[in-house]
2 protein chains.
Amino acid sequence: MDPRERILSTAVRLFFAQGYAQTGINQLIDESGLARRTFYHHFESKEALGAAYLDFAAGQWLANLGAAFDGRRTARSAVTSLFEVLESFALETRFRGCGLLNMAAEFADAGSEMRARVQRYKDAQRKLLREKFRDLGAAPTYADQVHLLLEGAIAGASAHLDVWPLRTARTAALALLPEEESRR
Amino acid sequence: MDPRERILSTAVRLFFAQGYAQTGINQLIDESGLARRTFYHHFESKEALGAAYLDFAAGQWLANLGAAFDGRRTARSAVTSLFEVLESFALETRFRGCGLLNMAAEFADAGSEMRARVQRYKDAQRKLLREKFRDLGAAPTYADQVHLLLEGAIAGASAHLDVWPLRTARTAALALLPEEESRR
């Protein structure tokens, strides 16, 4: 890994696991195994690294959601696949919730640059789901409902420290499919 | 207000608006307008005050949700009322999201006392909705779906800084009502 990647992968791990405020720049430098000067050469501040973390995490997450549609020929099958992705993620991360919303929670001001970034990525998730579901013949309203059920599922799993919210949300998403679709 | 109440109401305001880590004990003491000694007489630590904040916020929130059912005779009408409560809250707080989950986001360790508290209150919300919907003839599964749609709605409103997630989630909650109920 080049130095920039080493810093970023350390940031991804620490910001997600510990939170942004709890992760000091010294820990980031130490665990990247680089000289302080090298660190600042790539990221001028913790804020810059925080923004890069959001970009990276969102890019990866959107790619995972997009891949959940690969080879799926019905909205029903895509929903099942989306919730499989979500369940793997929730279990792997021990119900840590959504990294983007966790970050947003630390930036209270609705006008902050960090929250604007989170908003941009949540908008991108909504758009992705609308496009993918449209290709499978499902309406934008349905895509938005699934989008919110995914948000509720991941928040719920994090709140209850359990998988039942993921399964309950999936059941709801399937029940919301129009009749003709759900009979396929 | 007695000293304890003054400290607690300051904590409710600051922890919710700024986050837990960003709120120092000196600011809490300053804005409570009390002597340091008086502060520590009521709360031995910031952690103790954080826990009291969660207790207070959760109690108030559960009371608001419970009150949304007052005088409602159908599940459909109760759902509408629940989302009215949610929308008022989201607008008043400028899409700050759920105070309990925001707090949980700052305590990464799934085994932490703070996250256990949040889990307890989310479990209490689920239980409340199950009881209230049961009284209106709706099944526990339906109550759980509404519970997760409320979570998704508040997370979504906070992510998108907009009310559309609240309305989309309400539409989904109404669409999930069994036929006989939705025809009433």
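The backbone N, Cα and C atoms fix where each Cβ goes, glycine too.
Features as listed in TrEMBL:
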{"type": "DNA_BIND", "residues": "B:24-43", "note": "DNA-binding region"}
{"type": "DOMAIN", "residues": "B:1-61", "note": "domain 'HTH tetR-type'"}
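Secondary structure of the DNA-binding region (B:24-43), assigned with DSSP and counted as helix (H, G, I), strand (E, B) and coil, comes to 15 helix, 0 strand, 5 coil. The average pLDDT the prediction assigns to the DNA-binding region (B:24-43) is 95.
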